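Engineer: Here's a structure for you.
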């Protein structure tokens, strides 16, 4: 102690180091910090959802794309928006805090909306309108006009993907999983996050769609840009309250090192005891590290953590990150492998969602869309499931979860994978109901001799609300279940990447939706080949999706039964290198 400067031990410094800092840390995080995340998520989603439901109209009516190209362009845009979230998650875990990533990607998204606003405002940046012009004289967008359009679209896609990877994780970071009180608040956070997303979506499909349709697309895109700017401001206002993550290096590099080391050590026998595997805490880091214990799945990867030679000699294998990994690295890789079947078995539900969004809007066009004398625009049809979710989420959080908690003893009421399973069952029911409603719609067309008529049928479009409402409930269970599952089960070094993986289910669902329609048309001789829904067999298609959803649920059950949850007691926090011998022995579960 006499080697240290005496000023390190004065009263003021002791007070600062021991008393003030813990109090300041306790003031960070929690529900107060999460409120800013809710506001930012709602505003950003308001802009994004309004684009998702109305861009086909803009492509077809203002950029002179064909219907097929308009639908394909939207599908590619939506799929990319969710798929590129993997890149955003990688950035958050590797190079910068989630807060900084959220602001950065939000600015990119703002630039995209700004570019589309400029193009929609100036006529020379768009092709001449085709209204009142014969089809052979209608000119599509030229190269420069299309370049501006796609630059704006994919700036938005790139920006929103990063926001989707960083913002939910930033909010979840405000709750400590190892604190029993905050652990239950973490589950509630994901429910209220979906609630804020739903409110934003409701405003997007009503207010912004109405502005775009009636006041001009430049004003509609401009409102989206302002909404994203406000989202960035709200997220920034909570900076002093956030618990900020520390980037822990590339999880992808760590995964690659485990596979390479396991292959290089493939000639070594797999140890029977976990104590023979390599785990060395970083004694010089002076920071908390998450240490995962050994599990007995995917034993071939354990070779990456073998620290001794095959004959158990005292000499160690030549060290290096690509030849010798820690047990924690190996377990992180095992967690990712266990997660992949779960996410793949939920893709088909999102394929059904894409089909429902597309065909339900087309069905509504053939039906009576008046409500109390007000004409409801087709792109606003998704407000039905959103309103249902708006009412259902508080009931789930305030009524179902406390009741289920008393029965199961689980803080979240039911486990995340059980919640996802409920959503998959509801999606199959939704497809079956959609087939029944479509059969009824077609019978009305036949009864009134309106099979080939372009006039609306004497049947309210609100009948479509049944299938939409059930699917809205399915989405509530599945989306939140996946987000919470991937966040809770992933290790500290891959939280953002895991959250991004949960969004990939939506991406693959959108990309595969077009393939499903084409395959079904070829296999059935054209169930959906006509341009007239009254002559198509959309009801058969819905029932086919319902049957395939049941099969998919069976696959999911097998994957979920095989999965092993990460137990809270299995994670050890090691600080300043404590808690391990010189060899850093691994812990047996």
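Even glycines carry a Cβ here, placed using N, Cα and C.
Owing to the predicted nature of the structure, the values given are computational and were not obtained by experimental measurement.
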Engineer: Of the ranges 300-323, 540-563, which one does TrEMBL flag as transmembrane segment?
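Structural biologist: In TrEMBL, residues 540-563 carry the label transmembrane segment.
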Engineer: With TrEMBL as the source, identify the stretch among 33-61, 120-148 annotated transmembrane segment.
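Structural biologist: TrEMBL lists transmembrane segment for residues 33-61.
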Engineer: Would you mind telling me which of 270-290, 417-437, 438-458 TrEMBL tags as transmembrane segment?
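Structural biologist: Matching range for transmembrane segment: 417-437.
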Engineer: Six or more residues beyond either end and a Cβ under 8 Å away: which residues meet both conditions relative to the transmembrane segment (335-356)?
Structural biologist: 75, 255, 292, 297-298, 417, 420, 423-424, 427, 430-431, 434, 467-468, 471, 474-475, 478, 482, 485-486, 489-491, 494, 498, 501-502, 504-506, 508-510, 512-513, 516-517, 541, 545, 548-549, 552, 555-556, 559-560, 562-564, 566
Engineer: Counting only CB pairs under 8 A, let me know which of 189-213, 219-238, 466-488, 500-520, 540-563 has the most with the transmembrane segment (33-61).
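Structural biologist: Answer, by Cβ pair count: 189-213.
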Engineer: Quickly jot the same-chain residues contacting the transmembrane segment (376-396) by Cβ under 8 Å, restricted to those at least six beyond its ends, or write none.
Structural biologist: 49, 53-54, 57, 191-192, 194-195, 198-199, 201-202, 205-206, 209-210, 213, 357, 360-361, 364-365, 369-370, 461-462, 464-465, 468-469, 471-473, 475-476
Engineer: Using a Cβ-Cβ cut-off of under 8 Å, list the residues of the same chain that are 6+ residues beyond the ends of the transmembrane segment (417-437) and lie near it.
Structural biologist: 342, 346, 349, 352-353, 356, 360, 463-464, 466-468, 470-471, 473-482, 484-485, 539-543, 545-546, 549-550, 552-553, 556-557, 560, 563
Engineer: In terms of Cβ proximity under 8 Å, which residues at least six beyond the ends of the transmembrane segment (500-520) contact it?
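Structural biologist: Same-chain contacts beyond the flanks: 71-72, 75-76, 78-83, 85-90, 161, 164-165, 339, 343, 346-355, 358, 482-483, 485-486, 527-528, 541, 544.
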